[in-house]
Amino acid sequence: MGKEKTHINIVVIGHVDSGKSTTTGHLIYKCGGIDKRTIEKFEKEAAEMGKGSFKYAWVLDKLKAERERGITIDISLWKFETSKYYVTIIDAPGHRDFIKNMITGTSQADCAVLIVAAGVGEFEAGISKNGQTREHALLAYTLGVKQLIVGVNKMDSTEPPYSQKRYEEIVKEVSTYIKKIGYNPDTVAFVPISGWNGDNMLEPSANMPWFKGWKVTRKDGNASGTTLLEALDCILPPTRPTDKPLRLPLQDVYKIGGIGTVPVGRVETGVLKPGMVVTFAPVNVTTEVKSVEMHHEALSEALPGDNVGFNVKNVSVKDVRRGNVAGDSKNDPPMEAAGFTAQVIILNHPGQISAGYAPVLDCHTAHIACKFAELKEKIDRRSGKKLEDGPKFLKSGDAAIVDMVPGKPMCVESFSDYPPLGRFAVRDMRQTVAVGVIKAVDKKAAGAGKVTKSAQKAQKAK
């Protein structure tokens, strides 16, 4: 078997008809976790429904439908392999909650794959149409997804087919606008593909002899290749933040007979070990971790990315809840935020937002109403330069620095210290109206909280 491949996460973005599903479906279909039987079943259904041209989007539609219905399908279906990596597609924007997911992200994407359609008139539509394409790329960048690959799709439907001129025109245009957002085009692989026919997906295409391959220049090592799969293989591997202090936002807290209280969540930074004394914020409860489990197996340590359950002593289910954050009591323990300063981008709000606006924030696993206490400055959303001091209101498209105050105790961190706890979605009217990253947190000095007997004992023993 040799060494296990590194796991990486990608997010696929682009306009609604750019062919994201077909392209993604193709990769999953050819390199992925879908077994022969499932594919044959899909093909048979497709034929019966007269969707003989089934190909790949159908695979994805089936998976999506199951995901939407809340059937937890085998997540391996959303995985595929390159020669170096196991790749998981953490989301594709067809989903209703795409933006929210991307922010409260069950996980951070290591790379975004932007699909643009080269077809006549299609590219223009995707880029202008209140530019979903721009919106997604801007979001990816704002939320810290610094690596980008661009797939110029549907090369088979250009005029004439596989037109070099059309491809070059698109590369030029896309380079210009990703540069405005903050990406450096030299570090981005551009690949002309057809997700439908398979051109340059896994094998170099015979239809584009003019394409001499993609090249990227970056300080961590240059790379070149021809296909989309090779470009994915050249993503720089993520550095998982094991050296930071522990932060583990709770997803749930269970009471398990014979064991006791078991909080469950994903380690975002740091390491969780049995015997550690942890503090939960904002409730300010400190206790000892008796054991740590993943998939019903005891672990000697849990690392960033691991979804774990851990048993804590002398803590009742009433003491801690979803949205609380666990950390090491001796190493920068998490604290309640009295307030925080954030940079927000208003995405779609029908009216005007002024000081006093109090929507719900989704930040890590917390879901809490927060007040826009003060609109400090309006800024250029790309460069971050100040445009105006103390604006009276904000509307769609604006970016601003805002002071926020949570309506109930909550624990958040600055994006630069703990990225997963420093980005949030602003929800109102059943949609994401804004996104933000936290610049600074005003932490509440914790009074004497509850320290359990086992924690006192563990601390004495040390």
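Just so it is clear, glycine is given a Cβ too, placed from its N, Cα and C backbone atoms.
Of all ranges given (33-36, 153-156, 221-224, 429-432), Swiss-Prot attaches the label region 'G4' to 153-156. In summary, of the candidate residues Lys165, Lys219, Lys330, Lys378, the record from Swiss-Prot lists N6,N6-dimethyllysine for Lys165, whereas the others have no such entry there. Of the candidates Lys55, Lys443, Swiss-Prot records N6,N6-dimethyllysine for Lys55; the remaining residues carry no such annotation there, which does not rule it out for them. Scan Swiss-Prot for N6,N6,N6-trimethyllysine across Lys41, Lys129, Lys318, Lys457 and the hit is Lys318. Per Swiss-Prot, the range carrying the annotation region 'G1' out of 14-21, 238-245 is 14-21. In this view, Asn153 (GTP binding site) is surrounded by 29 other Cβ atoms within 10 Å of its Cβ, with every protein chain counted. Under DSSP, the residues of the region 'G1' (14-21) split into helix, strand and coil as follows: 2 helix, 0 strand, 6 coil. Counting in whole angstrom, Lys385 (ubiquitin cross-link) lies 39 from Ser194 (GTP binding site) by their C-alpha atoms. In the three-state DSSP reading, Lys318 (N6,N6,N6-trimethyllysine) counts as coil. Local packing around the recorded positions Lys20, Lys79, Lys165, Lys318, Lys392 was summarised as the count of other Cβ atoms within 10 Å of each Cβ; on this measure the leading residue is Lys20. Confidence over the region 'G1' (14-21), given as mean pLDDT on the 0 to 100 scale, stands at 73.
Summarising the environment of Thr432 (phosphothreonine), the number of other Cβ atoms within 10 Å of its Cβ, over all protein chains shown, is 22.
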